[in-house]
Amino acid sequence: MKVPRVIIAGTNSGVGKTTTTLAVISALKNKGLKVKPYKVGPDYIDPQFHSLLAGATSDNLDLWMIPRERIFQLLADASTSFNISVIEGVMGLLDGFGSTDEGSTLDLARITGTPIILVIDGYGLSGSAAAIVKGFKDFSGDLLAGVIVTRVSGERHYDLIKKAIEDNTNVRVLGYIEKNDEVRLESRHLGLVQASELNSFSDYIERLSKVTHINVDGIIEIARASRDLDPKFSPLLSRVGYAKIAVAYDSAFDFYYEENFRVLRNLGAELVFFSPLNNEIPPEDTDGLYIGGGYPEVFAKKLAYAVDARENIAKLIKKGVPTLAECGGYMYLTRTIVGQDGIEYPGVGIVPAKTFLTDKLILGYREIVSKTSNMLLRHGETARGHEFHRSTIQFQDKVDHPFVLKYKDRFEEDGYYSNNVVASYVHIHFLSNIAIPKRFVEECIRYSKKREIS
């Protein structure tokens, strides 16, 4: 199966991968191509930018959370509706688990036969750029098909870098992005700001286009040389019945995996999005609640003033609506949240705890082992996901945590569970254990039937 595709990888984090990926997507769209974006790894923020620009959801390709056959399936899905796929890498090209390249962008490129375009930072470089590219070429071989240079001072500077690389490495240099602070994406305590928070994303893309000078035809040629895919298709899951699941989605809650939404829909769920931040309430006939991660600590004051949203969510949960809350959603369900301003604000009040920020970033892959048989997992069953926060939850009542999280060197209890609520700091990827979304939808269907009878 022909699926033209290319990976935009970096020498390291902060080199301009996301900016370059957006520049490439924009240039391909301007050629009239339909672009399918992807992100290597567990990131929730970069895909928002991809999706907004491409007009198509950006899927995560994560070799640790997602079984390999599903990775091939996700890539093959692009063959029917898109002309080309652009995959943004994660961290540096070879950065994987520990000191190995397992799970890295290069690992994904090898497994899927996808050519790599390497992004290097040209600031303060000329001939030395060749040594950088040669080193990466030694590790990646023929998969390294091109280079794009960021933070270039002008055409003459670019010509020096281009000649040095092409004369010494036989790797094509496909263009550059000028050094310009106006196209640098801002950051906050958990990474880049969200796409929804840029004042005008279209203006940003226009500014980026003006300082981007890339060989689009060369990128298309490289993408078309990708190895053919031979995915083993199997249905993600067949429909189990209808349920209406209300999903909290706004600037405070938008750390979700698009693949999770797709699986829920395949099972028969109708997803209805609402904004707690804007004091929107879930529909009265809601059969389930899904409250994902995000930045409730940044918007704690506004969430506190959104009284209708908080009270209606609490009311639905107390009525027995099956509820899945992850990270920021877990924080929101607590009694109080200490915001970034240090002030304590009311949360939904379901979880008997207080949330506050710390200076410590907790980040990484997690394997969940269930200590209980609950709505999502049976005792001893596992799932995989990602943890990403600077907050901690301090329980005010004694609770039995439903999960044990496996770290590299230790185990730690996590989460909150009641009859109809499962909450955890971990963003679970449903493709790591497809029993989870199936059970969630089935619980929602059971609740729907009980609600209709009453």
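Along the chain as shown, the residues are counted starting at 1.
The backbone N, Cα and C atoms fix where each Cβ goes, and this holds for glycine too.
Counting only same-chain residues at least 6 apart in sequence, those with a Cβ under 8 Å from the Cβ of Cys327 (active site, nucleophile) are Phe255, Gly292, Gly293, Gly294, Glu387, Phe388, His389, Ser424, Tyr425, Val426, His427. The active site, nucleophile annotation in Swiss-Prot covers Cys327.
What Swiss-Prot records for 244-435 is domain 'GATase cobBQ-type', and it gives sequence analysis as the kind of evidence.
Using a 10 Å Cβ-Cβ cutoff, His427 (site 'Increases nucleophilicity of active site Cys') registers 24 neighbours. Under DSSP, His427 (site 'Increases nucleophilicity of active site Cys') is assigned to a strand (E or B) in the three-state scheme. Here Swiss-Prot flags His427 as site 'Increases nucleophilicity of active site Cys', drawing on sequence analysis.
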